[in-house]
Amino acid sequence: MRFNFKRLVLQVPKFVLSISAKAQKFPFRYTRLPTTGKLPAYSQTNPDCVDMACGFCSMDVQFQNVLILSFSFMLVFTSFQTMGNIEQTVLRSINIDEPSFTGNGYISLSIIYGVFSISNWIAPSIVAVLKEKKSILAGAVLYTAFIASFLYPKTWLLYLMSAVLGVGAAVIWTAQGSYLAICSNETTMSRNSGVFWAILQSSMFFGNTFVFFAFDTKDESAKIEESTRILVFSVLTGVAVLGVICMLFLRTPGRVDRTVPMLDIQLPDTGAVAAFKKSLKLFTKKEMVLLSFTFFYTGIELSFFSGVYSTSVGSTEALGTIAKRLVGLSGILVGAGEVSGGALFGLLGARTVKNGRDPIVLLGFLCHTVAFYMIFINLPDASPLGSTSGLSYMHPPSAVIAMICSFLLGFGDACYNTQIYSILGGLFPDDSAPVFALFKFTQSAAAAASFYYSSLLTLRIQLGILQIFCFIGSFTFFLVEWASVQKKMAATSCVEEDPDDEYRIDKS
């Protein structure tokens, strides 16, 4: 059963343009709470919660920007992250209905992240020309087009749109990192990155909850019916369009009220060539070289929990008739872990800056190590490569343990990513666009490589690779964080030195 979406697709640009015209005239009003020199007693014991609460209550324009950005991304990535989670499972079903269709979900995702990686070198130049808001919009439109292409499954179209999306992904994430840094100061960067991450990853709830019920089947080896696939693709496309519309309400950071002290950001007005040269120069800095190992690890673990793990769960026939539905439930619990981590570290943003980011990264390391071990003993070795009746060390495999691992993978990923955003915004406030582009370059290159070898290597080999880079990436992050703390302590000591006293004040 097929539906004709041609008329709907043709009406979308007209509809978006009409909304855009209305958005430009939308009467935004802002109010500020009066500030006094003395804060209530509870604010001294809970400064992080008060900081966030004041942001909500006063609706500071910069925090409003962060909220609009977060909810817009949540809608767009409700579609994309759900699609990435189910892509390989769904494409196998399409191949059963249409033998001429030979598209592979792992290869599609590998193309996306491969082009994403390469495009990150030119993304700062594109953002320098288009500016942050237009760059975010352009990237979101390409994400929507990729989701819509699944309504007409053709092998050539799948791979073409994968490559196109790779370019859009580089642009939207570079612009997002720069926009978030511009809307933050040194105190609020950790909070804002935590809020953004929590809202963004809540997208894992909605799309995967829908998939959990839509993929209800009584036969563990059954394919996903065409009518079900079209329903899922149509809903996901509609949600992505809604996210694009929300992005039209973003304000240009350079034109808003600057009464709140921002990070000293230099907008990339120097041109495309200068932005590219700056990216090359930053990539050779010691801090970026060390952090690149952390970036690389986040890339391979991203590909694992977003595509490989859910496919492995769905391919394990020993889990019974619920195996296909567990694909959606796995995504929900990954999202629960992501949101829990993002919300927690958003509330503790100021404490993170004060006490260091390394304890949170250590927590992420422990969560992932435990998850990898439980996956190792629970799922069959051949599960990433296709449906299998094989068993691992647990007979039979446990659906409960599989879902616990999903939560741990999501929570650990939040530990790493929120602290990466925080440390990059703190170390490189003047170079936000190129530095976030380099982060995404390394991360997406790792994800592309991981998706490629995921179609060739068995589960245990993949887990071994993950554990090795988990250790290396965590250790190099610690080195950069410790060096950053020492530098801040040295600077503080110099500032506190009394010029009339030969002794230096040390409060460390």
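Indices start at 1 and increase along the chain as displayed.
From the backbone N, Cα and C atoms, a Cβ is placed for every residue, glycine too.
TrEMBL: automatically predicted annotations, no manual curation.
Fair warning: this is a prediction, and the values are worked out from it, not measured in the lab.
Per TrEMBL, transmembrane segment is recorded for 66-86, 106-123, 135-152, 158-182, 194-215, 230-250, 288-309, 329-348, 360-379, 399-421, 459-480.
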Which one of these stretches, 106-123, 194-215, 230-250, has the most C-beta pairs shorter than 8 Å to the transmembrane segment (158-182)?
106-123
Which range out of 135-152, 288-309, 329-348, 360-379 gives the transmembrane segment (230-250) the most CB pairs under 8 Å?
135-152
Are there residues at least 6 beyond the ends of the transmembrane segment (66-86) whose Cβ is under 8 Å from a Cβ of it, and what are they?
109, 136, 140, 143-144, 146-147, 150, 176, 179-180, 183-184, 192, 195-196, 199-200, 202-204, 206-208, 210-211, 215, 232, 236-237, 239-240, 242-244, 246-247, 249-250, 306-307, 310, 327-328, 330-331
Have the transmembrane segment (360-379) and the transmembrane segment (194-215) got at least three CB pairs under 8 Å, pairs 6 or more apart in sequence?
no
The transmembrane segment (329-348) vs the transmembrane segment (459-480): 3 or more CB pairs under 8 Å:
no
Between 194-215, 399-421, 459-480, who has the most Cβ pairs under 8 Å to the transmembrane segment (288-309)?
459-480
